[in-house]
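Trainee: Features from TrEMBL:
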type: ACT_SITE; residues: LYS215; note: active site
type: DOMAIN; residues: 38-206; note: domain '6-phosphogluconate dehydrogenase NADP-binding'
type: DOMAIN; residues: 209-337; note: domain '3-hydroxyisobutyrate dehydrogenase-like NAD-binding'
Amino acid sequence: MRTVSAIATPLRRLRPATARQPSRRHFSSSKDLQATWGFIGLGRMGFAMARNLRAKLPAEDTLFVQDVNTAASKQFLEENPQGVRVADNVREVAEKAETVITCLPEPQHVRGVYKQMLEPATLLSEGVNNQRLFIDCSTIDPMTSASVAESASSTKQGVFIDAPMSGGVVGAQAGTLTFMIGAAPEAVGPATSVLSMMGKRVLHLGGQGAGLKGKLANNYLLALNNIATAEAMSMGIQWGLEPKALAGMINISTGKCWPSEINNPVPGVIEGSPASRGYEGGFGVALANKDLKLAIKSAKDSNVKLALADEAQALYDKVEQAENCKGRDFSVVYRYLGGKE
Ligand code: NAD
């Protein structure tokens, strides 16, 4: 894995050899010409990311935004009136922008949006006369991502890379996200330049799809560690151990993990943690469950044997539905298991 520094690398190598003299500046080439950018999906993450992107772009550049929820696009334009245009549809974004970022909920949304952008395969003749750089920040399965990448490359309309992220809404707002990217070597520099305007770390894990594979493997582990921590804490506390003493011991011992140390599920163990504020905020149990499902499905599709997946899945399904747990931080698993609060 490589952490990539934010070097502004021109995208010229990604353009077809026959491309005419570029009419607009692509990232980091001549400063005299405008560049055009697109952002699709102005939700909890995307809205803040697009705002940070717009704030760091040169004033003369134009950012085209689009969301099926027209209220989100309208609000974005109201809050960021300079250099922003609301596109009528995603095809218009693809036609007008050289770099397009997508931040969408699920695989079917990514598939649908890219189908609209890439078909008919006439972007190079009808839009900006350059290959596009498409950066998808959604958390989806690697197979869907690979098929979208293939549609972009086989029609020579663009280079598609996966760049799922971690850091949550707080990181999106603060511009401190970590991106895990799967990209061919020549796309790493340009993608890093773009993503560095919305985050602080870009980790290149390998070719297209590698970012998603890394993210899903990590979030699978996180989901299981979260359950195991809740069970271990509950066990110790019900045996009469003092919660902070137990957590302190685990956190200098072999059981230490992110849920035990940073996001301990027992209220009062860590000041300011979601558990200590009634499990509000943090990493929503529905999102944790979404990532777990994607990881399990993708592993099963690749014949990877998983021993704990089905149990974990069943538990998160129940936690997500439980009246006293739904909509809360995923550490609420502790409450669901009857942990002492
Ligand atoms: P969200 O549901 O808040 O936002 C998604 C946005 O996409 C919505 O505004 C929706 O209207 C829009 N959208 C849906 N279909 C569309 C279409 N066809 N065309 C245009 N816009 C469309 O989701 P989010 O929390 O912002 O997450 C986005 C992605 O990032 C997801 O894949 C999620 O798993 C991932 N992610 C989220 C977090 C988090 O903490 N929220 C953290 C890391 C990764």
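Every residue, even glycine, has its Cβ placed from backbone N, Cα and C.
Show me how these features fit into the shown structure, please.
Mentor: According to DSSP, LYS215 (active site) sits within a helical segment. For LYS215 (active site), the number of other Cβ atoms no farther than 10 Å from its own Cβ, over all displayed protein chains, is 27.
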Trainee: How does the domain '3-hydroxyisobutyrate dehydrogenase-like NAD-binding' (209-337) divide up by DSSP, counting helix, then strand, then coil residues?
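Mentor: Split into helix, strand and coil, the domain '3-hydroxyisobutyrate dehydrogenase-like NAD-binding' (209-337) gives 82 helix, 2 strand, 45 coil.
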Trainee: Given the model, what does the mean pLDDT over the domain '3-hydroxyisobutyrate dehydrogenase-like NAD-binding' (209-337) come out as?
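Mentor: Taking every residue in the domain '3-hydroxyisobutyrate dehydrogenase-like NAD-binding' (209-337) and averaging pLDDT yields 97.
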